[in-house]
Amino acid sequence: MDPAKATPMFAQYLQIKEQYPDCILFYRLGDFYETFMDDAELVARELELVLTGRDAGKDMGRVPMAGIPYHAAEAYIARLIEKGYKVAICDQLEDPKKAKGLVKRDVTRVVTPGTLVEPRLLPEKANNFLAAIAWSRTGFGLAVVDLSTGEFAAAQMNGADSLRLLLEEIGRLEPREVILEPGLAAEPSVTGPLKASGIAVSVFEGRHFNHANAYRKLTEHFGTANLSGFGCEDLELATSAAGAALAYLEEMHKASLGHVSGLAVYYPGDYMVLDPATRRNLELTRSLRDGGRRGTLLWVMDRTVTAMGARLLKSWLERPLLDLRQIHARHEAVGELVHRPVLRADLRALLQEVHDLERLAGRVAVGSANARDLVALKQSLVALPSIRVALEDVRAERLVELRDQLDMLDDVRDLIEHAIADEPPVALTEGGILKDGFHPEVDELRRIARDGKAWIAQVEARERERTGIKSLKIGYNKVFGYYLAVTKPNLPLVPPDYIRKQTLANEERFITPELKELEEKVLHAAERVMDLEYELFVEIRQRVAAEVTRIQRSARAVAELDALASFAEVASLYGYCRPLVDGSTVLELKGSRHPVLERVMEEGAFVPNDLLVDTGENRVLLITGPNMGGKSTVMRQAALAVILAQAGSFVPAESAHIGLVDRVFTRVGASDDLATGRSTFMVEMTEVANILHSATERSLVVLDEVGRGTATFDGLSIAWAITEHIHQAIGCRTLFATHYHELCELEGILPGVKNYSVAVMEKGEDIIFLRKLVRGGADRSYGIQVGRLAGLPASVVERAREILATLEEQEGERKSRREAAAQRLRRQPAVQLTFFEPKKDPVVEELLGLNVMALTPIEALNTLYQLQAKAKENR
């Protein structure tokens, strides 16, 4: 559209909209935010609003229009953000009453999923991260920032595994929005997983990712000469991502970012790695059933009483520690709180008085805090001295450090207490924000506005008496303010100093100089007091904002105290033990329980288990037994015990010795990946391949029914080969549940492989699951009995028994032939030796040189025929 042909107002709209083509523009017009043209049609559709129209100017006709009341905008914006849109807020920059000509307007903020600060738009117990990704041929840089709390962190991933590491971090952090430079935004390997996870992807100009520009942006923001103090001086990609994230926030929020006061550089290798499959399979924070919290590890462990503590505890569970000193420090703190129940109860009661200090500080810093936010901040600060007193005699080193980090912030608390009303209104333009006695001019203007009605009543009474007009009344309208109303019969009594302003059918309206002077005082006072209160409030907010760094320091201490107290509360309630975590490669649990299942089962119904796995004689535990017998539960509870211990928590067991684990891998269950066209088996093999490529000797691998997604012998072969590879090439602690009883033969072949099973008691045709892990493999799977328990029709169960009997008879014959062949092989020493130490056989050499994963099924079959022919020739 041509702005030259538009009305002045609409020309202004078009000019501003042109600068924000990817946003819905909310254009302030009086008491409404209006949208026009395509934006209006979109908003009307998405928010179910009535679509109207407005004249846009000569030759332009009426354009679609849809509006929302400005005081209710937050709720509407939230709905649009949830649907993946960005909203640009265009406000009036001057009072329309005082404007000469067209009111000045401009965008004061762009609301995107990753730049939210409003409490109603944010998840209370989770961070709202914006992420930025920088890239080069050598790797990736990742920065995340939570504008609502001021948290800012960056990491760099280099080498062949950099993309995998990047996506693992993205999966852990779950940012609401990711910004990419145009080149990276065209890479499906990056954008595909992001969009599949429901993360909003925004393209940001490449110049912001330029290292020199990013470096300058960061040093200017932090007021430093270089970045060596943040540990990223030599991390170009991390620096580029961090600078771009900061530039994006400045461009979107257009406000101070003083609360983003530091940059925490970290290395993914400093923490236990939990890939997306492991987090999903172990249900750390999201239930497999419905994606909710109930039934997750977080659901059990989160007994926090502050939103800050809840967010921190969640991050601890998602990123367990590898530093033994930090782990032991948390255990010591939790231990003291466990053994001092009175201290724990007092501390939790006091923490409950603390509001979300992190986000309150964030809103103060960006200038969006209202008077009620400052009151909540004051109430939180009032609790800090009592928290410090409660911790006066603690002995645990970490508790002492946290106590000493608590800044009482007396000056901030006293300022708010002295200035802000105890129950102020939400809106900052309605008055009533400041306390009486805080500012003399405010007090005087309030007195005038408050007493104005009494003054009017006095004038009315006096004029009735002076004129003798008993029906005389003083009224008010917006056209000419206060007036004296005189009915027609009383007009002869009107004195000469009355000035006629309006004649109506039954009365005439007059004004007097005295009345106009009074009107000026009363109306000006009401308007002036609201303006003055707002100005003073902004000054107070700025004074508080200057102390945001101190508030954040106390907020972090409160959050950690809350998280530690939560761990202690859970440990005390449910009988957890303090684990011994050291540098060994032992994982020994006595009386171990599943933290989630024991909470959803009846009291005392869960069966504890012992487990020992290490990198020596108990390297691989092969666990067999029926479905529903408890194989998966035993393995998962072992993995969860490791995660809890290294997160700093006690664990659900009688005792626990846990050698440090660098990664926990789980391959549990699978389904087709329809989005990428991958079958269940392909998904399973991809996850297993990731484990085999990434696991180290210090990893814990949990495999459940690997190989069941293909033909029996294919699956058995793959499971066997995987077990051998883990045992010989990796040597890590491994728990492998399987239905392939043939794998039990590995105990006699590979040292360190041990057979275990979940005990079952047979009672006639029924079975009772004892859910106890015992030494030795299972000889049966009890599949038919499980089917019967599941409610299969009796005829199906009986037919299954008949088929099973036939198959077992045939398998018995095949087994006899295999055993006879094995006996013949055992009588041929040379052949037996070649099984373990192959000679230089050309067929074997060719086999060893094959890239099996690169062969198609047809190529594999042809190769097999050729090798068989060569083998026959060499006999």
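Even glycines carry a Cβ here, placed using N, Cα and C.
These come from Swiss-Prot:
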- G625, P626, N627, M628, G629, G630, K631, S632: ATP binding site (BINDING)
The one of N627, S632 whose CB sees the fewest other CB atoms within 10 Å, among these binding-site residues: N627
Three-state secondary structure, G630 (ATP binding site) (per DSSP): coil
Fewest other Cβ within 10 angstroms of its own Cβ, chosen from the binding-site residues G625, P626, G630: P626
Surrounding CB atoms that lie within 10 Å of the CB of K631 (ATP binding site), all protein chains: 26
